[in-house]
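Report on the structure given below.
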Amino acid sequence: MKFLDIRDTNFDMEFAAILARGEETGREVEQVVLDIIADVRARGDEALLEYTRRFDRLEADSVASLQVTEDEVDYAFARVKDEEIAALKLAVERVARFHEKQKQETWLSTGEPDILLGQMVTPLERVGIYVPGGKASYPSSVIMNAVPARVAGVGEVVMVAPTPGGEINPHVLVAARFSGVDRIFRLGGAQAVAALAYGTATVPKVDKITGPGNIYVATAKKLVFGQVGIDMIAGPSEILVINDGSGTPAHIAADLLSQAEHDELASSILITTDRGFGERVAAEVERQLAELSRETIARRSWETYGAVIVAGSLDEAIAFSNRIAPEHLELAVTNPFDVLPKIRNAGAIFLGHFTPEAAGDYLAGPNHTLPTGGTARFFSPLSVDDFVKKSSIVYFSESGLNRLGGGIVRIAELEGLEAHGRSVSVRLKGEGEARK
């Protein structure tokens with residue numbers, strides 16, 4: 001963990017190592033993924049079975065046998081505690097309610113009597129969601145990806161999840177049913193992404209792929225983009241807490257560790273105007289680390305990519321936050337609503353001392369699929385918009401074209417596109433009418 005002062009002349013150099021985490025995919029990883037994608041395109045189901053045996057140690061006679069049955073989902077419900085089922089159902093309901101507010105309708109503008117303009121909103125036909133199944137199991141990832149797709153009106157939601165040993169976590173299956181997932185395959189890695197992007201005899205081709213995964217999954221999504229849509233290239237998780245010396249150090253420490261436990265590349269940063277408060281938080285982090293079941297992962301993350309930064313003022317802390325555009329931003333300050341208008345770049349913003357980032361991860365309502373690695377400068381959280389497409393609608397009556405046609409022709413002429421202009425002028429002059 002680095003204890004830094006933003007006013008030090010060497011601050012940028014010392015902080016650079018944290019900003020650079022996970023930047024290099026590596027040519028070796030990219031080549032491996034390219035080979036897998038090409039193999040799945042060429043051999044389809046046969047390649048999927050081979051990679052599933054190799055990476056997930058799962059023997060299967062066919063890809064069809066890797067599809068989860070309704071009976072298996074029923075059995076998952078029998079294995080999950082009632083209170084856990086209730087919590088997952090509540091999360092789905094709250095996430096659905098929030099995303100309903102994001103829906104856009106098709107609209108038409110009738111402001112001109114002879115011209116009609118508008119926008120048609122159409123749900124995607126089929127999407128694929130990737131649910132990680134590595135060091136932890138994430139039913140919340142199912143909810144955050146499938147629910148907005150369902151709210152958007154997507155026709156079919158296909159889920160893939162790696163299953164070392166052949167079994168999908170029962171909580172993931174419960175979340176999938178509540179979230180409206182149609183089909184689930186025990187497939188993971190770059191090969192699952194390739195199958196969704198190009199389709200095989202068994203796995204249907206989708207229009208868009210969403211959901212987080214390891215470096216191979218992220219690289220595969222990047223490489224198939226253009227063949228299908230993707231949500232974003234997600235990097236390691238991160239949290240930045242802005243603090244003015246108010247609040248409880250134990251609370252801030254717990255919030256920092258909530259990100260550190262994700263993986264060794266996660267970054268947890270506190271920037272505070274009170275050095276003493278920062279020191280108390282750092283000490284509390286050390287105390288709490290020893291209590292975590294995922295201590296090894298969290299400790300590596302904290303020691304390598306954690307930081308406590310002292311700022312000269314709250315405005316200086318805010319400027320720093322806007323510069324790095326964190327995935328998760330907590331405003332652990334006395335008056336968070338005064339600070340909020342000054343925030344320009346953040347994936348999700350959590351206000352006050354009783355709004356831990358974990359609330360947003362699970363059931364507050366907003367999506368937890370957020371831009372990482374500074375991309376909150378230009379990317380947004382996953383939303384209903386990611387599962388629809390928009391088409392422009394244009395209608396000109398004869399009088400409308402007569403009214404605006406001259407301007408269209410002139411712009412076509414100045415661009416040197418004669419046929420463009422003729423497609424209008426031939427109508428204005430009535431040419432071709434005699435040749436009907």
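Backbone N, Cα and C atoms are what each Cβ position is placed from, and that goes for glycine too.
Summary of the site annotation: Swiss-Prot records Zn(2+) binding at Q259, H262, H420. Screening the candidates D182, D338, D361 against this entry identifies D361 as the one listed for that site.
The record from Swiss-Prot ties S237, Q259, H262, D361, E415, H420 to substrate, and of the options H251, H328, H353 it ties H328 to that site too. Residue pair Y130 (NAD(+) binding site) / E415 (substrate binding site) shows a Cα separation of 46 Å. Within 8 A of the CB centroid of the NAD(+) site residues Y130, Q191, N214, the other residues of that chain are P132, V160, P162, G188, G189, A190, A192, V193, G213, Y216, V217, A220. Each of the binding-site residues Q191, N214, S237, Q259 was scored by the other Cβ atoms within 10 Å of its Cβ; the lowest score goes to N214. Of all residue pairs in the substrate-binding list (S237, Q259, H262, H328, D361, E415, H420), the one with the greatest Cα separation is 56 Å apart. Fewest Cβ neighbours within 10 Å among the recorded positions Y130, H262, E327, E415: this applies to E415.
The record assigns Y130, Q191, N214 to the NAD(+) site; their largest pairwise CA distance measures 13 Å. Most other Cβ atoms within 10 A: among the recorded positions H328, H420, that distinction falls to H328.
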